[in-house]
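K.L.:
From TrEMBL, here are the annotated features:
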{"type": "REPEAT", "residues": "150-184", "note": "repeat 'PPR'"}
{"type": "REPEAT", "residues": "185-219", "note": "repeat 'PPR'"}
{"type": "REPEAT", "residues": "221-255", "note": "repeat 'PPR'"}
{"type": "REPEAT", "residues": "256-290", "note": "repeat 'PPR'"}
{"type": "REPEAT", "residues": "291-325", "note": "repeat 'PPR'"}
{"type": "REPEAT", "residues": "326-360", "note": "repeat 'PPR'"}
{"type": "REPEAT", "residues": "361-396", "note": "repeat 'PPR'"}
{"type": "REPEAT", "residues": "397-431", "note": "repeat 'PPR'"}
{"type": "REPEAT", "residues": "469-503", "note": "repeat 'PPR'"}
{"type": "REPEAT", "residues": "504-538", "note": "repeat 'PPR'"}
{"type": "REPEAT", "residues": "539-573", "note": "repeat 'PPR'"}
{"type": "REPEAT", "residues": "574-608", "note": "repeat 'PPR'"}
Amino acid sequence: MRRAFSVSLLRSNPLLLSHSSGNSAVVALDNHYYFNSSSSCCCTTFTSTFHVYAISHFSTNPNPFKPNSTFPYSSNPTHARLKQLLLEKSKTGFDKLDDALVVFDKMLHIKPLLPVINFNQLLAALVKMKEHSVAVSLFKDMCVKGIPVDLFTFNTAINCFCHLNRVDYAFSLLAGTIKRGFHPDVVTYNTLIRGLISQDNPAEAQLLFTNLIRFKLIQPDVVTYNTIINGLCKRGHASTAVTLFRYMEKKGCQPDTVTYNTLIDCLCKLRLVDQALGLLHEMTKKGITPNVITYNSLIQGLCDFNRWQDVNQLLSEMNTRNISPDVHTFNILVDAYGKEGMINDAEDVIEFMIQRGQHPDVVTYNALMDGYCLRGEVDKALAVLETTMKRRGIVPDTRSYTILINGYCKKLKVDRAVDLFQQLPREGLSPTIYTYNTILQGYFLTGRHVEARNFFKEKMMLNKALTLDNFTCSILLHGLCQNRFVVEALSFFDTMLSAGLIPNICIYNTLIDGLSKNGHLEKARSLFDNLPLKGLRPHVKTYTMMIQAYCHDGLLNDANELFLKMEANGCLPDDVTYNTLIRGFFHNKKYNEAGVLMDEMCARGFSADASTASALLDLLKSQEQNPALLALRKKFLT
């Protein structure tokens, strides 16, 4: 038996009509109904077979279990105690899942049946416990056993499916909600939009949002707009998010603190801090109160630009508004000071936060350790881990050890780094790919290429739990080429391609540079010429490497031609490019051409670097009477 959704249902809800394309159906199997639908995307098609409702509940008669239905009231003390328990647990969740299941079983056997609100409270408690799959299972049982449900029940089940990354099932329930005679509300659609965005389907979320407005199915509220704006911001589409933000204001939907926080954070991450500060001014002018999240985003953005005076101004403003900095605020400051080598200031921040009653966490001390390592004071960083953190009862994490491992590798103390690496499992910690990469790079930095290659083969390639990334490949290719194992580097590169890893431009740069410096210019040229076929665009460093390779092999015409081509391709040469080609002209006695290029370089605001100036002085010593060189000396060395 197969019964399709009625035409009147589809016509009454144009959103379903636009998305279902007539493919959705309700299929009756074993006296129960199943949703069966298929299409090409989340909003337009969903492939699922989901056991949801008893056959009797899909009657075309008016729904007997609408929210305003009345149920017998009982003064039974068991009812009263159970209702009070459900009310409390709907806000906090049960301590144990078994307790929730026992309560549900008891609710099924109580006569008269408890109202739908109490079943909704039980489902809400399970959601609080993040037991989304269990909540869905109980929802199914409610439908099968004829227990009344309302729109809140459906919304809860839809929300659970979204949390389980099954938005397809959530949309099937949307169809079921309408079939049962309920009208999906703004909460329903907000949940679906959020589900689509969480599954990285922002285009589908925007399409749903657009159709909601086009067909006037709901009046979007601030949560609707915030959800879409958040999805846009996560993908870096700040300008589109701001446009939607202005649209919501125009439509009379007032933004709230969450709206502004989302936009401010996005702008700061895109380094548009002044625009973000403008939004802070705007929100306070409108009477919308910023919170600590607002200021944390702005402080992080300003710290990225070392705008300490503006940071202090914001901290003062927070104090005026009685907004207390939280641990994250202080961690931002510790990290920023540490990166600038201002360790004393970082330590002062930690001391101040302790005085303010805030407890430093592992992130705080990781930032401090990183600051010490950047100054080369790795032993002091180790003391933070072994003494300070231990004294405060803070357990180091993998990042704590990785910071130290990186610090010792940069100090060329690889054996000490390896000791720490081997300590990780004893501390119950698992090294990350970054930890492995650090050790691999450390071996190459110290010239221990045999150990590096063995470490890669035995500890990394054979580790099934480890996913090699582009940085791993770049380290290995660079190390192999530096040690003249070019054939091995090419072999590994081919293995990497066959394994499905997609190299980025940095990997190609590493290989092109290694090949050209080890006498394999034609292979380097072939890789360079094929970059567009790989969907990659060479940048200034790529061009400069090839120009240097051509100059080294005396191919001045090729070098000059590539120099002209790079600008035609929208890649402007930098000072390194100019100096590289000028030295190439010097080396091949093309002094007039070098002079013309030096004039152009200076006109663009660049100057001769130390290597170019030294090369010119050496030429003057050996060929003092060369008129072209004398002219260059007069221009650039006087």
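Using the three backbone atoms N, Cα and C, a Cβ is placed for every residue, glycine included.
How about a rundown of where these features are and what they're close to?
P.N.:
When the repeat 'PPR' (150-184) is classified with DSSP, helix, strand and coil residues number 26 helix, 0 strand, 9 coil.
Secondary structure of the repeat 'PPR' (221-255) per DSSP (helix as H, G, I; strand as E, B; remaining residues coil): 26 helix, 0 strand, 9 coil.
Here the repeat 'PPR' (256-290) has, by DSSP, the following mix of helix, strand and coil residues: 26 helix, 0 strand, 9 coil.
Taken residue by residue, the repeat 'PPR' (291-325) breaks down under DSSP into 26 helix, 0 strand, 9 coil.
Tertiary neighbourhood of the repeat 'PPR' (326-360): same-chain residues 292, 295-296, 299-300, 303-304, 306, 311, 367-368, 370-372, 374-375, 377, 392, 394, selected by CB-CB distance under 8 Å and a gap of 6+ residues from either end.
Secondary structure by DSSP for the repeat 'PPR' (361-396): 27 helix, 0 strand, 9 coil.
Here the repeat 'PPR' (397-431) has Cβ contacts under 8 Å with residues 362, 365-366, 369-370, 372-373, 376, 378, 381-382, 385, 389, 438-439, 441-443, 445-446, 448 of the same chain, all six or more residues outside its ends.
For the repeat 'PPR' (469-503), the list of distant contacts is 433-434, 436-437, 440-441, 443-444, 447, 449, 452-453, 456, 460, 510-511, 513-515, 517-518, 520, 523, 534: same-chain residues at least six beyond its ends, Cβ to Cβ under 8 Å.
Residues 470, 473-474, 477-478, 480-482, 484, 486, 489-490, 493, 545-546, 548-550, 552-553, 566, 571 of the same chain lie 6+ residues outside the repeat 'PPR' (504-538) yet bring a C-beta within less than 8 angstroms of a C-beta in it.
Within the model, the repeat 'PPR' (539-573) shows a mean pLDDT value of 94, rounded to a whole number.
Packing against the repeat 'PPR' (574-608) from elsewhere in the chain are residues 540, 543-544, 547-548, 550-552, 554, 556, 559-560, 563, 566, 615-616, 619, 626, 628-629, 631-632, 635-636: each is 6 or more residues past its ends and has a CB under 8 Å from a CB in it.
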K.L.:
Which residues of the chain, 6 or more past the ends of the repeat 'PPR' (221-255), have a CB below 8 A from one of its CBs?
P.N.:
186, 189-190, 193-194, 197, 202, 205-206, 209, 212, 262-263, 265-267, 269-270, 272, 283, 288
K.L.:
By Cβ distance under 8 Å, which residues at least 6 away from the ends of the repeat 'PPR' (361-396) in the same chain are close to it?
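P.N.:
Same-chain contacts beyond the flanks: 327, 330-331, 334-335, 337-339, 341-343, 346-347, 350, 353, 403-404, 406-408, 410-411, 413, 427, 429.
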